[in-house]
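Among the features that TrEMBL reports, compositional bias 'Low complexity' is placed at A:198-207. What TrEMBL records for A:383-515 is domain 'ABC3 transporter permease C-terminal'. Per TrEMBL, region 'Disordered' is recorded for A:192-242. The transmembrane segment annotation in TrEMBL covers A:15-38, A:379-404, A:424-453, A:484-506.
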Amino acid sequence: MYKLVLCLRYLRTRWIALASIISVTLGVATMIVVNSVMAGFTHEMRDRIHGILSDVILEARSLDGAPDAARHMELIRKQAGDLIVGMSPTAQVPAMLGFTVNGQRVNRQVMLIGIDPKTYGEVSDFGRFLQHPANRGELRFDLHEGGYDTADHQAEDPAKAAPRPMMETAGWEHRRRKAFWQQREAELAKRLAKSEVAEATTPPTESTTRDQQSAIADPFAKAEADSGEVGETFDPTSQQHPGVVLGMALGSFRDASGEDKFLLLPGDDVEVTYPMSTTPPKPGSAFFTVVDFYESKMSEYDSSFVFVPLDVLQDKRGMIDPTTGVASFNSIQIRCKPGVDLNALRDRLQEVFDPRAYVISTWQDKQGALLAAVSMETAVLNVLLFMIIAVAGFGILAIFYMIVVEKTRDIGILKSLGAGAGGVMGVFLGYGLTLGVVGAGGGMVGGLLFVAYINEIADVLAWVTGTPVFDPAVYYFAKIPTVVYPHTVAWIVAGAMAIAILASVLPARRAAALHPVEALRWE
Amino acid sequence: MAPTVLAARGVTKTYRKGAVAVPVLRGADIDVAEGEMLAIVGQSGSGKSTLLHVLGTLDRPDEGEVLYRGQRIDTLSRRRRDAFRNTELGMIFQSYHLLPELTALENVLAPAMIRYGVFAYLGKRRQLRERATALLERVGLGHRMTHKPRELSGGEMQRTAIARALMNEPRLLLADEPTGNLDPTSGDGVLELMRGLNQTDGLTVIMVTHDRAIAALADRTVTLVEGRVAEEAEGLRVQG
């Protein structure tokens, strides 16, 4: 009984020990916050990556691909048809994307991906990343009249979604308006040239350069010239090139106020230059009309993916064998039934496909380095933060030691009254345990509250400091993602308590070992 | 003569201070009779406190034996000696040795808290509190029960210590210079209390003092010189 009474009494009269426990509290709270945020990031990233990639991917090693997707798919179905929900062949090739902004030609390096719009949606969450509600249902690579989202439809809180006012006019409306202005500009230039020729005051060389300039500034003129058979009949106000879906970051940027600004809108034309499937590869180029944007919120993908119809790409790159009419493909995306062990499926497919010609990987293999980096980061942070708690443990040790020294006489008194060594030790171990429970418990509550209100806290901090703590423009997350795993919290709290108890063992043992006579003499 | 309660036979004790061995007790023999009030006197360093500690099992003799009702107690296990101190002995000290965090009442209850576990204690709580209250009232501190030691005077603290020593109804009271830190008036009060306990309750009292005037209150006086019992004398009171 005296253990309990003294333990509580020491707790009530020695606040300094509680100060030592604050470091444990802070350590535990920080660990919980860091783990939750890291887990949140990992979870969000895995979710996104998995949404973009299909479960298992069969890729041909050559950029020119392998012929006959149908036969490959048949073989896959024969080998592992029981595990598979859907398959979709794709072709991909690095390419250059060119478009005009304010009269300036902009070129960007992209990954040009030919997808089969009918089956691609079955193997990945492609549809939900698009900006037109109809395209999210079924993508047909046709420009819509209008109705594109004017705010980020993927935002969890619609009130905080990034506004996109420029998208209001996107679609045919934008295309017609642009064509009208370009026509006017061309006419104006023509008239100007004519009047200059009539006056004959300017040298002819100048007028030719101006002609060349206007030709560069107006890609439609070139397009008309290129597309031979359509020739004069191509009318940009009513006709479109083959459709293309651009990665969001290729055609837009987010400004400081959080609004998305667009360099291109659905309805604009872009020129894509790609290597032809010849030996050696020669560049080929074609015009496409932007029909939608693809926003996976993984900046790596959003700033490089360009989707076009598979058959168009195969045709333009010359991937169709002119004699047999069989088209080549670069990869087959496979979606599995839920709960299927992806590694097992990959291994099963590897049995039948020659590893010299094909690479078969799961989506986790594809992004293994990224996922491993994040989990490595978490592990290192955990080690560092646990060190902080261990440091706090030494603080407890020092303060407890001082308390034992201060209480030496009391320990002598207790022993003279018949208290055993174990009992005296129990007083101080109980003291340490209580402080550990209080410290770790306080840290747990604090940490969980912090996690629960992390976005509000970030907002307040941003308001106080004037700079956003978590800039959505940088992270492409509207808010800080968090996931709390109860077992992680339990481990952290248990670890902190263990450290508090370990730190009190040494002083408690010293207290227990004190000789009563010497302890009583202590002044 | 009444039977011997506590006895020391040829007890030696040597303390080491670095390389130097300091012999404190060199074969002390002592017999304490049931119900007597014994004073151990001697000069500083004569070993009287050490003898008391050895008799109270706080310290173990290097040689010799300590007997309680004919049973050796110096060789008992630590746990048994702890229990012996808790239930058979009451001890009071020159500097009172109260626990500063506890009130006077809680200090008196401390031996009972040590004796009983949490549940046994809670079961007997009412009855133990009554006993502690009665003890405090008996030593004249009924009005001081909720005071912390630092709010009490020296005499009050020592009387609290006496009440605490009596909590587990011991048969022996060991007092180490009980009046050493007190003014004469308070000291007399404490001595009077001890004398009363000895006479009315039949409590055996062993008191260490360097003051022969105080020793004169005892039934019998034992003088220690250099770790040995030099002389024994019957107390004045008994003679008178």
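Glycine too: its Cβ is placed from the backbone N, Cα and C atoms.
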Sequence-remote partners of the transmembrane segment (A:424-453) [C-beta within less than 8 Å, at least six residues beyond its ends]: 2-4, 6-7, 10-11, 17-18, 20-22, 24-33, 36-37, 392, 396, 400, 403-404, 411, 414-415, 482, 484, 489, 492-493, 496-501, 503-505, 507-509, 511-512, 514
Predicted model, mean pLDDT over the domain 'ABC3 transporter permease C-terminal' (A:383-515): 87
Counts of helix, strand and coil residues, the domain 'ABC3 transporter permease C-terminal' (A:383-515), according to DSSP: 109 helix, 0 strand, 24 coil
